[in-house]
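Taken verbatim from TrEMBL:
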DOMAIN    1-61  domain 'REM-1'
DOMAIN    277-383  domain 'PH'
REGION    459-482  region 'Disordered'
């Protein structure tokens, strides 16, 4: 629970940073990204809170079960976890003929992204701008959930926001506070600025104890709305591209509306741990001939749908071909045989069908305890296969997600990104406070008509003394210029991305 609490605290700090960024944004794209980050942070906080609540309820139930004397025997066998990956998300659009083919009517543009949740894991896709020139909304992200159970429910939510609205009002409270602080005096202006500060009211601490979540502050700026959603489960997993039904919310009167066709196409794959990890390994003896002396010592590894038998453990580590491979699948029959007169332990008989012919392999462990451990591993493997079903027929391929590409840095932003060195362990609140202060200082200086001394670093043609040029290398490019505070906002958004890339 302490780990989840740390995650909650982290997302709260990220939310404060997103609120401050959103309040300072004056450009549309920045505001849309900041609002997206705010929505994602809120979703993660709610998911972690639910996970924390479930953990506490489970602890209470365990205590009640221990106190109950009439509690009958319980089967505590649980299936293995696994990876679930969703990729190649495509959402087809259904524009009217006059809109798409004849290119008539107002060009309706929306910013959209997908939020995906499985248990306590939440991811978001990149933001995509959509208008009538697109026939499909395409998300190239590959998202992998690492701790899924076979009973998982993957919720896919499509959010949309009309991009034509004026978002410059997002920075109005801050600009108003700056003007008031100069006209009302330093003391009154400081109080007014504190009242308008967006990040100050999102959290509070109760005497150093647990964090209290207060309602999310209402920050001016773009607002995303849920446009469509669906829930995918194990029955939807298939090693191919498939279409799933979407539940659409809203209607044509909504500003964020897009003409969805009603389905989402994607590839949903799963890899149970029983298919990718060693579930059991150890020394065995396998009977290869019909004679009583026809036993061979092997090192057995149970993984996926096979029991691999190597001459020795080192062969397995060196990827040498196994001496024998015995199939372990849903059709396999395994039983513990009667004692062999030449051995003190029970034998394990594994029977498979090969080309219509029944073939049985006989194995033996060094002790009865080892035999029990192997039998338990086989039963667990069969149980995992029965729960993960089609995911255990063949190992599905999961492409590792490519790292998120950083935001494109324009030339005029380059000097800012290279000017500051940020440690990713820094508190996000500290970083946003520094940048917000720089923004306000720049605006105030600009209004007074006297740029701060550090602005000379960003002038296209900085003044030089007669001797300065002697120390500069030939063809040295001058630093890019900085003309408005949106450059600082871009930097702040980039810093938030660095500290929380997912």
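Even glycines carry a Cβ here, placed using N, Cα and C.
Nobody curates TrEMBL annotations by hand; they come from automatic prediction.
For the domain 'PH' (277-383), DSSP puts the residue distribution at 21 helix, 52 strand, 34 coil. Across the domain 'PH' (277-383), the prediction's mean pLDDT works out to 89. Sorting the domain 'REM-1' (1-61) by DSSP state (H, G, I as helix; E, B as strand; all else coil) yields 57 helix, 0 strand, 4 coil.
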